[in-house]
């Protein structure tokens, strides 16, 4: 037992009291807001600042939606980079990594490598026809994974070469910190873009549900909150949690109804190589075609309706909204625990009254994974359009082989008549 204690002591594992204090973030509130709200108490001043900045962010989000899918992808990428920067900066300050050679350069290099891999996979998957027409891109796509591995391996070797005496343990701390941050930010943002390609509605409803839950839970907690919900977040209350849940489910159901009426939101996002533009035109699937449903007997007496017309997607929106309001907040609780562990109030001071970008998107990353799993498990079926694109980039002899195999299969099934031979 004594030997075990000595070994644990040698590991130099830090507890909460060993974490150095980080300088508090500066107040980034615009001076015009400070002067306008100077007569209010701190509680109400924070309320107004959060409210005004929330409306500004929502307005910017709607503008981005109007500008189209490509701008939404750029927005996701920008948020990913900023979140990565905020988390890496915390590690840089907490562990006093100022003297570590190449640490920041390697952190950004690994971000570049992982993004190159994921976005290259997306290009190969969704832009096959575009790549086929450009010889310089064919080489990059054909050997994409080898190039990605070579780039990462270069960074790995650079890290090993940067190891210096008396800093080994700290350098490996930061190596792990960097990779966990990559897993949280890059992987999840890639899933967000994958969801977007399935149709903008799969992007908007989940993200809007999380935003709605965050806003309504804050409002219910601010006015009615009395019962603490979890020690990690002392300001969270059961009243806010429950009020946010019901509000989010209702919002998701109604919001889905309006989005499901427009091809722009429900059609898969595809790249048109002829016009070099993203297009959202299609015949809406059954999920987005109005159907009649029987109202459960218990609700018939309350509503006075026996049947209702609604889109099938609205039923899925209930599942998405439920996750956003019941499980999504655990992403926020996780972030709160992280901040408490390192004695910080917010990830950064980018947005006055809200903290950093990561403070606003801690629940979104968990939601993105759920939506991707939900689509692949319950929604996505064979995609003839995607399969056709892959067939068209094959060599002529390969296409002919596929044609003969398919023809033989359809003939055996009795769908095609066997050809007559003289």
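Just so you know, glycine gets a Cβ as well, placed from its N, Cα and C.
No curator has checked TrEMBL annotations; they are predicted automatically.
Feature annotations, reproduced from TrEMBL:
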type	residues	note
TRANSMEM	47-79	transmembrane segment
TRANSMEM	100-119	transmembrane segment
TRANSMEM	139-161	transmembrane segment
TRANSMEM	173-193	transmembrane segment
TRANSMEM	199-225	transmembrane segment
TRANSMEM	237-260	transmembrane segment
TRANSMEM	313-335	transmembrane segment
Q) Which sequence positions outside the transmembrane segment (47-79), separated from its termini by at least 6 residues, show Cβ-Cβ distances below 8 Å to it? A) 29, 33, 37, 40, 115, 189, 192-193, 196, 200, 203-204, 211, 215, 218, 222, 269, 278, 280, 351-354, 357, 360-361
Q) For the transmembrane segment (199-225), which partner among 100-119, 237-260, 313-335 gives the most CB pairs under 8 Å? A) 237-260
Q) Cβ under 8 Å to the transmembrane segment (100-119), counting only same-chain residues 6 or more beyond its ends: which ones? A) 77, 81, 84, 88, 92, 144-145, 147-148, 151-152, 155, 158-159, 162, 164, 167, 170-171, 174, 178-179, 182, 186-187, 190
